[in-house]
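Now, the feature entries from TrEMBL:
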ACT_SITE  A:277  active site, proton donor
BINDING   A:36  [4Fe-4S] cluster binding site
BINDING   A:412, A:413  substrate binding site
DOMAIN    A:13-409  domain 'Nitrogenase/oxidoreductase component 1'
């Protein structure tokens, strides 16, 4: 028994739903109790889908328990076939139905539907969402991709794009970006799957020369099967970040025997990162957590492309634990492999990062700890399924990443500065950049108050000792840039008070500056 | 599957109720935890279930999950399924750790789920055992919020019904008292308490805001339901000797008046005193409703089943805003608890108990209502088909009962229509 409040991954049947919902012409009949339909709203709300997910739930109730549930399953499967006329169906059990003795695969076979019906064992009590997606996609690929065929020699090689699903973090735009990139390199895309593919298209998977694995969590078992069954090699580099995209291009060129020379788009990231405005990013302490793929990619970008210090690294994807541990060693830190958000919260608190890169969960943790944060991985909330084009992959993805990582830091700096200047007259309430207010700024309260207090409350012993600025020193103070003036004034007065000085001269000002340093 | 049964055969326009069975697109009772834990401030809800249960709570609770949440799931793992004895030890361990970490928790609910019900983990016995181990520091109570047994708001019913046997006993000699049953937003509860004081009744509320302040109950208790989905709770209170005051539900100006009036009559409050007490609230409610009536008058409305609030809402929209409820589905229809409501519902309304979501969608598409009340799994797909929708869950999380919320309630149904008329792209 595991005490859980937040889960980074849903149950495995959610993974199967992500595959089914991404595809077209496939229907999923899920043996599940009343209530499990809550999962529909992940797709209709978070991803804002305009159709219901192609999922029929048997929604059995207590009164149905017994022999009845098998009959309910058969009725649901038959009705779903008749109503939706899918080209293929998948059938499986959610956690509760797994405890019953019904066998969706066998029951569906007995119906003898005129389309392929593929049973998926979801192992609800030991596996989770990404595993469910990978297993479902693997089963579909295995059943539908057919037997090995001779591939003709082509002028432009053909590749499959494997791994994008419904509810994937930026999957929609990653597919567009990588398709464009491959086309520019001289590669045509055969089938993109699961997202956007029909069961009929899956029968064509074997036609491609090689496979591009976009999201190993989901596509790796299918890609390994296709390598074995159809002799298709697959890409090992996930093209997130400029360096990884360049490596990916080299890998694709090697797999497809492509010559160098295609004119590729460039990313703005290298120049943005080298421009002097980015100097302050150097050595920023960053904490990275998410799924294995995005964490490994983010680590490389943080290190090679942004000049950050990685002070924390972890993943909830146990399948990637070894890679992430390996990666953490480079920074002399211990990788955090956990699906308990309390562990992540403790690690973030202890690491004192300047920036947190994580999931929706880390966004909330960072908010609580008042740290800047950007979401780089699922699970993500509705705002991370944006209307605008926002890939993570390829060169445009690198541009998006630069902006989205730096943005909260800029905001952080701005907030810090605003806090620091709050007492400055330039920032008094009602101050306007348009200069509309010609009225003089109100005298700063700490200077006005003591004067009034002297007569009103002579008992305030400290007041008469407050050091006074000489005219000359006051003029000198005004030469100090406004954004550090408040601090300089405070430090100088403190310095003078501590030494019992009644007058602040220009000398005192600079003595204080030397004393406090930066 | 689709037989229709007359509800009030003697009435001139017979109201038929259709019973539908098929796929149900509804929440399970666990969803009730999301508002119940906000209401009882020192209670903790521990679901014994699967990762699906945890995922559901997370999806239903949205961002609320991070504001010091007082609910969690003990997720069953493969090794827990191997043997029952082991599960009890595991559960005891989880509960001890939880109570150690949260010393502020005074009331712990063990909440059953589909997996725990199917493998028959005896949570009643577990609660009894844990109660002895942790008394008097914390009380442990169990109920089921499983999807196989409860639909959405029935989770609250199961929770309150589980509290009923342990409520303090009111002495047999006590003066007659009023108990208002059903979790209400604090602001609504305060308004009702004040109105009842004006009327001359000292009302208490179930659930109370704190575990040690739960109301007493006895043969002199008269209770009135503030929510229509509390059948089990009503039964449990009746077993304690309390008697139910039958009434319409306090939605809208008319509903609120009828509800308050039923209570006042049960306590023999003179009509003049009642009228004086409710007059200002009634006037405010009427004024605020008038603003929305022009917009909603004559519009057709279609309800998918969700919370059992559908019938009182349809009554309110039909009678006070002049809407036409054409098809109203409810997950369960407790005829006794809704007798007063059904009497007020327009006879041309099609009433359904239960669900077959695909057939209901067919009917909805054919009818093309001006507004459809449905869950979030259906709302966007229907909007993309050109149908205006109002998502139903908001009606559980927003204060809607009483005079001063009547306008807000009407506004919830107006906003989607206003929005559609504004957008030009």
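Each position is counted from 1, following the chain as shown.
Using the three backbone atoms N, Cα and C, a Cβ is placed for every residue, glycine included.
These figures come from a predicted structure and were not determined experimentally.
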Residue among recorded positions A:36, A:277 with least C-beta crowding, 10 angstrom cut-off: A:277
Local backbone state of residue A:277 (active site, proton donor), from DSSP in three classes: helix
Model confidence over the domain 'Nitrogenase/oxidoreductase component 1' (A:13-409), averaged pLDDT: 95
DSSP state at residue A:36 ([4Fe-4S] cluster binding site), helix/strand/coil: helix
Recorded positions (A:36, A:277, A:413) in Cβ proximity to chain B, threshold under 8 Å: A:36
Alpha-carbon spacing, the residue listed as 'active site, proton donor' to residue A:36 ([4Fe-4S] cluster binding site), which is rounded to whole Å: 51
Distance [Cα-Cα, Å, rounded] between the residue listed as '[4Fe-4S] cluster binding site' and residue A:413 (substrate binding site): 45
Cβ-Cβ neighbours of residue A:413 (substrate binding site) (radius 10 Å): 12
Secondary-structure category, per DSSP, in which residue A:413 (substrate binding site) falls: helix
